[in-house]
Amino acid sequence: MGRLRRRQEIIDHEEEESNDDVSSRRGKLSLAETFRWLDSSEHRRIETDGHNDYKYIIHPKNRWYKAWEMFILVWAIYSSLFTPMEFGFFRGLPERLFVLDIVGQIAFLVDIVLQFFVAYRDTQTYRTVYKPTRIAFRYLKSHFLMDFIGCFPWDLIYKASGKHELVRYLLWIRLFRVRKVVEFFQRLEKDTRINYLFTRILKLLFVEVYCTHTAACIFYYLATTLPPENEGYTWIGSLKLGDYSYENFREIDLWKRYTTALYFAIVTMATVGYGDIHAVNLREMIFVMIYVSFDMVLGAYLIGNITALIVKGSNTERFRDKMNDLISFMNRKKLGRDLRSQITGHVRLQYDSHYTDTVMLQDIPASIRAKIAQLLYLPYIKKVPLFKGCSTEFINQIVIRLHEEYFLPGEVITEQGNVVDHLYFVCEGLLEALVTKTDGSEESVTLLGPHTSFGDISIICNISQPFTVRVCELCHLLRLDKQSFSNILEIYFHDGRTILNNIMEEKESNDRIKKLESDIVIHIGKQEAELALKVNSAAFQGDFYQLKSLIRSGADPNKTDYDGRSPLHLAACRGYEDITLFLIQEGVDVNLKDKFGHTPLFEAVKAGQEGVIGLLVKEGASFNLEDSGNFLCTTVAKGDSDFLKRLLSSGMNPNSEDYDHRTPLHVAASEGLFLMAKMLVEAGASVISKDRWGNSPLDEARLCGNKKLIKLLEDVKNAQSSIYPSSLRELQEERIERRKCTVFPFHPQEAKEERSRKHGVVVWIPSNLEKLIVTAAKELGLSDGASFVLLSEDQGRITDIDMISDGHKLYMISDTTDQT
């Protein structure tokens with residue numbers, strides 16, 4: 001219970017409400033700040049939660065209630081001292097003391113009533129409780145009974161009972177009010193405005209005086225328990241000091257009797273009595289033995305506390321020292337009331353749990369330390385040119401990891417050629433950047449004033465310090481460790497690119513940065529290469545969120561790796577449809593070739609990613625293989641029918657020729673591969689095309705002797721001859737030269753803006769331009785094909801069908817728009 005009560009007192013301790021004169025390491029500052037718990041906006045929200053629902057509930061920090069507490073404290077001191085005296089010296093109070101006693105009991109009765117309306121702090125949740133039922137129940141089960149019985153008019157009850165002696169013993173219940181005095185001293189010890197040594201000595205003196213005062217009253221009471229005719233058998237009745245005798249001591253002046261009893265109690269407690277006052281009867285001897293035994297414990301308590309004061313080793317002393325340092329710090333930095341309340345409240349809670357640390361602010365939670373750092377350092381960091389355009393999250397991470405440092409004029413902070421471990425920001429003062437020449441002389445490069453930084457280029461570019469920094473005036477700097485800075489850049493890499501851009505922009509007006517331009521450019525190149533690898537890695541792993549974050553942060557999605565592969569190549573081969581679509585919308589070239597001549601479409605077809613193939617074909621992707629005929633012939637020779645089917649369905653020309661002018665159908669016919677030959681002719685392969693030796697696929701089939709294959713090719717030949725009545729050479733050329741193009745429904749100048757919102761269409765190139773326009777308009781959902789014209793990528797108008805090559809990108813616009 002004692003520990004819980006002490007915890008309650010620590011938490012409920014009133015914040016400093018008067019002017020404090022606090023000594024700091026940098027001089028004396030006058031702390032004229034009022035700490036009121038309810039004046040803090042954050043604590044007001046927490047503390048008054050539910051207060052408006054109970055209008056008659058009193059907050060424990062209410063100033064009128066605090067005044068009432070001091071008023072009751074005075075009565076508690078009076079009652080604590082007068083109760084033993086009333087018990088020992090009075091059998092029936094005189095009229096003037098009786099009236100005073102009644103007034104005191106009325107005051108305590110009023111205090112009992114008030115206790116039912118005073119909110120309290122819950123020791124488990126640390127929230128203020130305003131609910132009347134909980135307040136009443138808490139008081140009823142704790143102090144109510146003793147407080148209420150203590151207010152009984154025991155003097156009247158004693159007289160009404162016929163002066164029954166046992167009734168007088170109930171007076172001691174009023175000593176329960178001593179707890180108010182004890183609680184007052186506990187609060188006083190934690191009040192950093194009052195000298196701790198003075199507070200402790202005052203408390204120890206009060207303990208000693210109160211114990212001896214109570215013992216003196218009991219000593220006198222024991223003497224009065226014997227009738228007057230036997231008073232010679234008491235310590236005071238038999239007492240004779242010099243020529244003065246204490247016979248008939250009841251008639252001696254009250255003050256003299258009390259002084260004599262107090263003298264007896266004090267010399268007995270100190271065990272230095274000379275025997276002039278001593279116990280006479282058995283009851284007095286028993287009490288003296290008990291009292292002396294108690295005095296040994298009391299003496300040990302007093303000596304132990306005095307020793308603790310001398311060595312300054314108590315928890316309270318350490319707590320007070322820490323509070324003084326904190327108040328000095330908060331005063332010097334002019335922290336707001338809300339932040340002050342959080343800091344002091346947390347330190348008081350740590351003291352209650354006996355938690356200590358030698359480093360100031362180390363005990364404070366990270367969230368509160370972050371608030372302090374943002375309040376103190378954020379205005380400086382925001383003005384540093386190095387961080388111009390950086391995100392708020394990045395700057396906040398920088399701010400909460402800063403450390404303050406002060407340097408005197410003439411001090412060298414960092415020297416030229418040294419490895420840099422810290423990044424510095426100038427808050428106040430002036431520094432000079434110096435370069436040491438080969439002959440040992442120093443040349444001033446620039447001056448560093450407030451809101452500048454140094455050590456940044458060395459850390460970012462991983463080079464030695466290019467110049468020496470020396471203090472010219474008293475400087476207040478903020479230091480950031482290299483490792484912390486590097487860790488932050490690992491997470492906020494896009495802000496790292498912004499920092500590099502800021503450095504490059506500054507080189508135009510800063511000669512010292514111009515000299516380091518090559519190092520900066522090399523580092524930028526390395527960073528871009530690393531960023532490209534990160535983008536490709538995210539695409540390969542299917543990390544859509546990371547990929548989007550990288551590209552949104554400025555990474556180029558068209559950057560390739562060491563094999564020339566773009567993120568689209570990797571996403572296509574892995575089958576990530578969402579990433580593929582996102583990269584297409586970001587403008588990645590769908591026909592970009594890697595070092596092996598493969599496009600994203602080829603990678604998707606090779607891996608059998610049907611969904612990705614559809615997306616790429618819709619966007620006009622093609623294979624663009626330099627030796628497509630040889631590749632198709634090899635595929636047929638391997639017998640990979642599934643791969644061949646995907647190639648043909650994705651738009652690869654089935655009439656592509658190898659170096660011997662052989663088509664894939666030639667190979668299939670010569671090997672007797674019926675299924676693959678059927679697949680090729682269904683895709684439009686020509687049966688009448690001839691190789692360098694003049695052989696057609698049908699000739700190869702006849703040499704192979706596969707009757708089923710021969711019949712298939714003869715039927716196809718007859719069908720092709722009936723459909724195309726022109727010469728076989730023209731038919732062969734038409735089949736071999738079959739081409740396709742991609743038509744987009746917007747102007748070439750709008751390509752970048754419209755690409756992510758409008759899609760084109762891939763169509764076969766017909767025999768004339770009019771058919772192409774009509775077909776494209778129909779596929780694009782345009783109304784009248786005759787009212788449109790086709791433009792090339794360089795905005796030139798297409799006037800003839802022969803101007804269009806295979807894979808050409810065209811742009812369809814209105815004829816009226818073209819004329820304007």
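From the backbone N, Cα and C atoms, a Cβ is placed for every residue, glycine too.
Identical topological domain names are assigned in Swiss-Prot to K55 and R121, which places both on one side of the membrane. The number of other Cβ atoms within 10 Å of the Cβ belonging to L434 (nucleoside 3',5'-cyclic phosphate binding site), over all protein chains shown, comes to 18. Confidence annotation: the topological domain 'Extracellular' (225-259) carries a mean pLDDT of 84 in the model.
Counting C-beta pairs under 8 angstroms (sequence separation of 6 or more), the transmembrane segment (204-224) reaches the transmembrane segment (70-90) with 3 or more such pairs. Remote same-chain residues near the topological domain 'Extracellular' (280-285) are listed as 219, 222-223, 225-226, 233-235, 237-238 (criterion: CB distance under 8 Å, separation of at least six residues from the stretch ends). In the topological domain 'Extracellular' (280-285), helix, strand and coil residues by DSSP number 4 helix, 0 strand, 2 coil. Of all Cβ atoms in the protein chains displayed, 11 besides its own lie within 10 Å of the Cβ of N418 (nucleoside 3',5'-cyclic phosphate binding site). DSSP assigns L434 (nucleoside 3',5'-cyclic phosphate binding site) to a strand in the three-state reduction.
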